[in-house]
Amino acid sequence: MRIAMVGAGYVGLVSGACFAEFGVDVCILDTDATKIEALRAGRIPIYEPGLDALVQENARDGRLRFTTDLAEAVEGADAVFLAVGTPSRRGDGHADLSFVFAAAEQVARAARGPLVLVTKSTVPVGTGRRVQEIVRAARPDLSIEVASNPEFLREGSAIGDFMRPDRVVIGTMEGEGGERAMTVLRRLYRPLNLIEVPILATRIETAELIKYAANAFLATKITFINEIADLCERVGADVHDVARGMGLDGRIGRKFLHAGPGFGGSCFPKDTLALARTAQDAGAPVRLVETTIAVNEARKASMAERVIAACGGSVAGKTIAVLGLTFKPETDDMRDAASLVVVPRLAEAGAQIRAFDPAGMGHAKPMLPGSVQYATSALDAATGADALVLLTEWNEFRALSPQRLRQAMRGHVLLDLRNVYDPEAMRAAGFHYASIGRP
Ligand code: UDX
């Protein structure tokens, strides 16, 4: 089988490389010629464990190609996937669909035969039908069937998530055309039958909503445990044990109950907002999700206040080491990271920030205040600092020696906003240690 992937961003690259690994002939298209040149030379523009090897091997074996030429990409394709961006539209929080619509129309114009046009990008309910109208208007002569196949890839473990997913969701239109689209997509995912991955076949609207509902639920689950963590602090309970006690109930589940500084990333903030807007417009507001958004925003800001309080009420003139800037470990992605709220607030309050992140500093620099200093290691960041704040739980931070950290620092305040360290060990090393929701 042959497919084209429109958009060499995070989703397009990972999905394209993984389909190639399944044995599909994949052509990835992007309008950015520099990016395509780099990919042809085997250079991967994003940080994702295992992706470079996967791309290089499949490109070498001829199953994975890169181009800026739409006609070349679409030629002979059984399916064309749209993996272009759907950023939050400035002002109203709706997803901006202009890239999706433009790409759909261009694909339709370039098509030489029937094909299935699949939206991989996260798009609000109803987008599939609008895309179908655009495509019909552009090419009334061709049967181009629109389907929805949302991705559930987590940054940092995207390849595993694609190769061993909990489920695959495929939404199609009713009628014969929809059935044809379903057949093509089922064939593409056939290798997953071997490991008995459930394939969920739904109406296109349902598939579109599953993605938003799943992300909003996970975001709400995180926000729930974050608020319980705050309560734990007031009443002397331990959120780690509360989460474990809750999570062992199979109806709740243990995952996504780690309290922290608030969720960030490329999906949760944008998707919760878009779902809330769609629901308002549809006259069925999702108030729980609206609250999740508001609580999470406030939480990030409150983290800076925590640091200030732990430093005795003022950080003016103090040096604060910040470990971890990305929204989570194993990525260089800074989108909606807690650091983007916490670091500027601390800098405004007069602190000198010394930051270190294993992968995110390049992206962080233009997004953070110019006064921030960037260290070469965690220990280098801690050297001479009055306080240390752990914002992202990179594995290498777990392995730091408390004694060496303490010796390097001038002060002894340690705020562990990811509950990575053992409170006893940190106190024994002489730290004034505080974490989230633990006594
Ligand atoms: C998410 C979804 O998991 C994925 O299915 C979807 O396709 C894209 O969005 P991602 O944004 O890469 O993936 O990361 P994820 O691991 O889900 O974490 C999102 C945010 O929630 C991070 O800021 C993370 O630190 C935070 N988080 C996650 C918590 O604070 N606590 C948790 O228990 C889990």
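Here, residue 1 is simply the first one shown, and the rest follow in order.
For all residues, glycine too, the Cβ spot is worked out from N, Cα and C.
On a predicted model such as this, the values are computed, not experimentally measured, just so you know.
In the record from TrEMBL, residues Asp30, Lys35, Thr86, Thr122, Glu155, Lys270 bind NAD(+); the candidate from Arg203, Arg234, Arg306, Arg335 listed for the same site is Arg335. When Lys328, Lys365 are compared with the substrate site residues Phe152, Leu153, Arg154, Glu155, Lys211, Phe256, Leu257, His258, Ala259, Gly260, Gly264 in TrEMBL, the one appearing in that site is Lys328. Scoring each of the recorded positions (Leu257, Ala259, Cys267) by how many neighbouring Cβ atoms lie within 10 Å, the top position goes to Ala259. Residues from the binding-site residues list (Lys35, Thr86, Glu155) with a C-beta closer than 6 Å to any atom of ligand 1: Glu155. Here the C-alpha separation of Glu155 (NAD(+) binding site) and Cys267 (active site, nucleophile) works out to 10 Å. The two recorded residues Arg154 (substrate binding site) and Lys35 (NAD(+) binding site) have their Cα atoms spaced 22 Å from each other. Asp30 (NAD(+) binding site) and Leu257 (substrate binding site) have their C-alpha atoms 37 Å apart, to the nearest angstrom. Listed recorded positions near Arg335 (NAD(+) binding site): Cys267 (candidates Phe152, Ala259, Cys267; Cα-Cα distance within 10 Å).
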